[in-house]
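Read the structure below first, then the notes.
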Amino acid sequence: MSIELIIGPMFSGKTTELMRKINRYILSNQKCVIITHNIDNRFINKNIINHDGNILNKEYLYIKTNNLINEINIVDNYDIIGIDECQFFEENDLEQFCDKMANNKKKVIVAGLNCDFNRNIFNSISKLIPKVEKIKKLQAICQFCYKDASFTIKKHNKNQIIEIGGQDLYVPVCRLCYNNSY
């Protein structure tokens, strides 16, 4: 059917937007599944939770995995597939899984970071983009000047590209404040 990509910096509402879309499909009696990477620690008792603490606890299948291709047989009976924190999946895994599901008449909604704190795109997302029908880029609010923020800076431990954290570790910033921070 199709692939939709929701991207943006930390705290831009990517998971909230994914939750909103999944909820709409649940209300229309579509069978939904939400997948996140094993590294993601924001899921509580099989419920998806965003950084604001809002929980989607409707009827859906929830899967935590580090390999999407291994889940193909499980999700085959579902109409809508939501994938959160897509940047954590391996590039070929994400691209092949999403492409296969869309080709099998599934609606795939993928959410993830637009780039890391060095403003480098994640390989999994760059490989997926050519296969996507729709891209929605969200913005956060710059924590320094309160303008629209398209980037994320890391407060400390800048040698480690992938590190799970929230406001304790990451801050959304605009271009000017990003350049002033590094």
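Note that Cβ sites are derived from N, Cα and C of the backbone, with glycine treated the same way.
It should be emphasised that the depicted structure is a prediction, and the values quoted were computed from it without experimental measurement.
Listed features, source Swiss-Prot:
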type	residues	note
ACT_SITE	E85	active site, proton acceptor
BINDING	G8, P9, M10, F11, S12, G13, K14, T15	ATP binding site
BINDING	F117, I161, I162, E163, I164, G165	substrate binding site
BINDING	C142, C145, C174, C177	Zn(2+) binding site
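Overlay of Swiss-Prot feature records on the structure.
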{"residue": "G8", "record": "ATP binding site", "DSSP class": "strand"}
{"residue": "T15", "record": "ATP binding site", "DSSP class": "helix"}
{"residue": "E85", "record": "active site, proton acceptor", "DSSP class": "coil"}
{"residue": "F117", "record": "substrate binding site", "DSSP class": "coil"}
{"residue": "C142", "record": "Zn(2+) binding site", "DSSP class": "coil"}
{"residue": "I161", "record": "substrate binding site", "DSSP class": "coil"}
Legend entry - P9, S12, C142 filtered to the binding-site residues whose C-alpha is within 10 Å of F117 (substrate binding site): P9
Legend entry - Nearest of the recorded positions (S12, K14, E85, C142, C174) to I162 (substrate binding site), judged by Cα-Cα distance: E85
Inset, instruction - Specify all same-chain residues, apart from the site residues F117, I161, I162, E163, I164, G165, whose Cβ lies within 8 angstroms of the center of the Cβ atoms of the substrate site, ordered by sequence. - result: D116, K154, N157, Q160, L169, Y170
Inset, instruction - Mind checking which of F11, F117 has the fewest other CB atoms within 10 A of its CB? They're the binding-site residues. - result: F11
Legend entry - Proximal but sequence-remote residues of the same chain as K14 (ATP binding site) (Cβ under 8 Å, at least 6 apart): I6, I7, G8, D84, A111, G112, L113, L138
Legend entry - Number of other Cβ atoms within 10 Å of the Cβ of M10 (ATP binding site) across all protein chains: 23
Inset, instruction - Starting from the Cβ of C177 (Zn(2+) binding site), draw a 10 Å sphere and report how many other Cβ atoms land inside it. - result: 19
Legend entry - Cα within 10 Å of C177 (Zn(2+) binding site) - qualifying binding-site residues among P9, M10, F11, S12, I161, E163: none
Legend entry - Neighbour count (Cβ, 10 Å) for G165 (substrate binding site): 13
Inset, instruction - Spatially speaking, which of the binding-site residues C142, C145, I164 is closest to T15 (ATP binding site)? Use C-alpha to C-alpha, please. - result: I164
